[in-house]
Amino acid sequence: MHPLAALAVVSTGQLTSLSGIDILILVLYFAVVVFIGFYVKGTTNTSEEFFLAGREMSAWIAGLSFVSANLGSLELMGWAGSAYQYGILAMHWYWIGAIPAMLFLGIVMMPFYYISKTHSVPGYLQLRFGEGARGLAAVSFGLMTILMSGVNMYAMAVVMQTVLGWNMTFSIWVGAATVALYVMLGGLRSAIINEVLQFILIWAGAALIPILGLIEAGGWDKLKANIAVNVGNSSYTHMWSTLGHFKDNPMGINWVGIVFGLGAIISFGYWTTDFLVVQRVLSANNLRSAKLAPVIGAAFKMAVPLIVILPGLICLGLMQNGHPMFHLVPAEVAKGNPLLHSYDQVLPLMLIRYCGPGLLGLGITALVAGFMSGMAGNVSAFSTVWTYDIYGAYLNKKANDKHYVLMGRVSTVVGMLISIGTAYLVMNAASIMDYVQALFSFFIAPLFGTVILGMLWKRATKWGGFYGLLAGTLSSIGMFLYTSTGTAAHKAHALSVVALSADAQPMAENMFRALWSWLICVAVTVIVSYMTTPKTDAELNGLVYGATIIPHDGSVGLLQKPIFWAGVVAAVFVGLNILFF
Amino acid sequence: MAEGTGRGESLSIWFFVGMITLLYGLVLTPYGAWQWLTHHPPANELLLPWLIHLHPTFWWGLLLLTFGAFYTTKYRPGTN
């Protein structure tokens with residue numbers, strides 16, 4: 001009998017069910033996160049406390065929260081599935097697609113975010129480029145964040161239904177209500193404390209999978225050999241050597257797309273300008289902590305593939321009688337057939353394989369924790385941008401601090417309700433999910449172009465920033481429509497135009513679309529800036545490199561310097577890439 | 001000041017981290033010991049015989065218990 005079949009409750013389509021001890025572990029988790037919300041409510045009275053956690057977090061707390069807010073359920077299960085589908089290439093999204101950008105944020109950009117005393121990324125754009133750029137960034141960020149939150153919510157409910165047979169409405173409302181409660185009570189402080197806790201629990205629940213999986217495989221070398229046998233070649237276990245041409249690797253991408261599209265644009269766009277993650281670092285208690293937090297986050301981010309990518313590879317390498325043990329398929333193929341499992345189910349499948357009662361509850365708690373940390377990140381960032389950059393900037397400029405805190409609590413709940421609405425919308429029309437995820441990517445690459453020019457180039461002007469951001473965003477939307485509408489032949493042709501190769505796959509299109517939209521944003525910003533009048537150095541003090549005297553961060557000795565630790569992380573990053581070349 | 005939870009509070013973030021891992025350790029370790037001593041391996045271990053001899057529930061529970069006990073003690077109220 002197939003081991004998995006023995007564990008699956010095929011009649012209902014669910015993979016497993018929880019025992020009493022699993023439920024106890026899950027209930028303990030919910031009790032603690034809600035308790036934290038009530039516990040910190042007493043110290044969350046001012047807007048600085050509610051939206052920026054009083055700017056009193058240490059580098060370790062801000063750094064762990066920074067990386068945890070990104071470790072949502074889509075991230076955990078989606079990339080484990082991608083590792084099964086594409087092999088070790090998925091690791092690029094954790095290393096070159098994160099580490100250089102995180103280090104750059106800490107060492108180069110954080111001083112400007114921090115000393116400008118901005119409360120948000122749109123807030124920085126307002127200081128640097130004026131209301132136009134801020135309004136565009138705030139509205140697009142607010143809208144996309146809340147829609148993404150709904151998509152995450154739906155994705156998690158699907159997993160809970162598939163794995164445990166839970167009713168989707170139950171999963172959506174219990175998860176959303178818990179997150180809304182603790183964020184509404186304790187604001188960013190409560191979100192950050194829970195994110196640190198969730199990060200630890202994600203590791204506690206998921207780390208056994210790679211450990212036991214490697215024991216079963218007989219070690220890393222044996223696992224690589226098994227994967228090569230199962231897929232028929234060795235391209236699934238090399239990170240760089242197969243990136244010479246689109247045809248040489250399972251992802252259908254080349255090194256230009258990975259290095260410049262992912263590593264230089266998408267990654268920098270997300271990690272340095274997405275307020276969801278930057279907000280965590282803004283809560284740091286001093287400049288040194290603000291610089292060090294992304295470096296600490298980067299060190300932990302490098303380790304995340306152990307619990308995300310490795311389980312996908314282990315599943316890919318499992319054999320039975322000389323043949324692959326699992327045959328996972330795309331979600332649209334698996335839908336409606338309980339005997340088939342989709343790529344995204346890799347992590348739950350491995351969890352069920354290696355973890356019995358108790359450990360299974362811990363693993364499910366890890367998945368729920370990932371879901372809640374991602375959701376709390378979205379909703380706390382949304383309420384900040386809504387209150388400061390939309391409501392406070394355009395609708396009610398003269399309210400007192402107490403009113404803005406109340407608006408933060410109300411917008412947390414309203415934002416969550418909109419997310420729930422989005423989740424139901426996606427439930428009834430699944431194709432919306434793809435569009436929402438694509439929409440999010442429209443703004444990231446151009447926003448990075450605007451912010452980086454704003455920070456590093458004194459000559460960039462208000463109108464240059466606004467029109468550059470607008471042109472980059474519109475061009476990204478235009479390319480998306482060009483490659484996703486029309487006949488199949490047209491789509492294939494459009495993809496080859498955008499990604500510069502007839503062999504390119506959809507993943508390459510995302511990378512190249514980001515690259516082009518960033519270049520268009522930068523080109524328009526530069527051209528318009530030279531046609532308009534720049535601000536004086538005095539006006540740019542605290543906002544731009546070359547017009548700002550950056551204060552000393554207070555570090556004493558080599559071991560306290562953020563740049564030293566950034567160097568250590570960078571060296572490990574290079575070493576790992578060589579090791580898995 | 002308790003780290004991370006605000007001025008004037010007595011419980012730090014790290015105390016919460018210690019407390020929840022300690023609680024999980026206290027649940028998993030005895031359960032894993034019971035499985036081990038009474039020879040009641042769970043269903044997944046029956047299908048993977050190599051896993052039975054590793055007693056993952058017991059050892060993982062013990063690791064969480066040790067980690068949790070350390071953090072709960074080090075960051076207990078009144079020590080920071």
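Glycine is treated like the rest: Cβ placed from N, Cα and C.
A Cβ distance under 8 Å defines the sequence-distant neighbours of the transmembrane segment (A:20-40), meaning residues of its chain 6+ beyond its ends; these are 178, 181-186, 189-190, 193-194, 197, 201, 357-358, 360-362, 364-365, 368-369, 372. Per TrEMBL, the feature transmembrane segment maps to A:20-40 (among others).
According to TrEMBL, the transmembrane segment annotation covers A:60-81 (among others).
Listed as Cβ neighbours of the transmembrane segment (A:136-157) (distance under 8 Å, sequence separation of 6 or more from its ends, same chain) are residues 72-74, 77, 120-122, 125, 166, 168-169, 171-172, 175-176, 274-276, 367-368, 371, 374-375, 378-379, 381-382, 385-386, 389-390, 393, 415-416, 418-423, 425-427, 433, 436-437, 439-440, 442-443, 447, 450, 466, 469-470, 473. Per TrEMBL, transmembrane segment is recorded for A:136-157 (among others).
Annotated transmembrane segment per TrEMBL: A:163-184 (among others), in sequence order.
Same-chain residues lying 6+ beyond the ends of the transmembrane segment (A:196-215) with a Cβ under 8 Å from its Cβ atoms: 29, 32-33, 36, 61, 64-65, 67-68, 71, 76, 223, 300, 306-308, 310-311, 314, 347, 350-351, 354-355, 359, 362-367, 369-370, 372-373. Feature annotation from TrEMBL assigns transmembrane segment to A:196-215 (among others).
Residues annotated as transmembrane segment in TrEMBL: A:253-272 (among others). Residues 89, 92-93, 96-98, 100-102, 104-105, 109, 240, 243-246, 278, 294, 441, 444-445, 447-448, 451-452, 499-501, 504-505, 507-508, 510-512, 514-515, 518 of the same chain lie 6 or more positions beyond the ends of the transmembrane segment (A:253-272) yet place their CB under 8 Å from a CB of it.
Under the heading transmembrane segment, TrEMBL lists A:292-318 (among others).
Positions annotated as transmembrane segment by TrEMBL: A:359-386 (among others).
Under the heading transmembrane segment, TrEMBL lists A:406-426 (among others).
Per TrEMBL, transmembrane segment is recorded for A:438-457 (among others).
The feature transmembrane segment is assigned by TrEMBL to A:515-533 (among others).
The transmembrane segment annotation in TrEMBL covers A:563-580 (among others).
A contact links the transmembrane segment (A:563-580) to the transmembrane segment (A:292-318), because at least 3 Cβ pairs that are 6 or more residues apart lie under 8 A. If you look at the transmembrane segment (A:60-81) against the transmembrane segment (A:515-533), you find fewer than three C-beta pairs under 8 angstroms, all six or more positions apart, and that falls short of contact. Long-range Cβ contacts of the transmembrane segment (A:292-318) within its own chain (Cβ-Cβ under 8 Å, at least 6 residues beyond either end) map to 57, 59-60, 62-64, 66-67, 70-71, 75-76, 79-85, 87-88, 90-91, 94-95, 98-99, 102-103, 105-107, 110, 199, 202-203, 206-207, 209-210, 213-214, 216-217, 223-224, 226-227, 230-231, 236-237, 271, 280-281, 284, 324-326, 328, 346-347, 349-350, 562, 565-566, 569, 572-573, 576.
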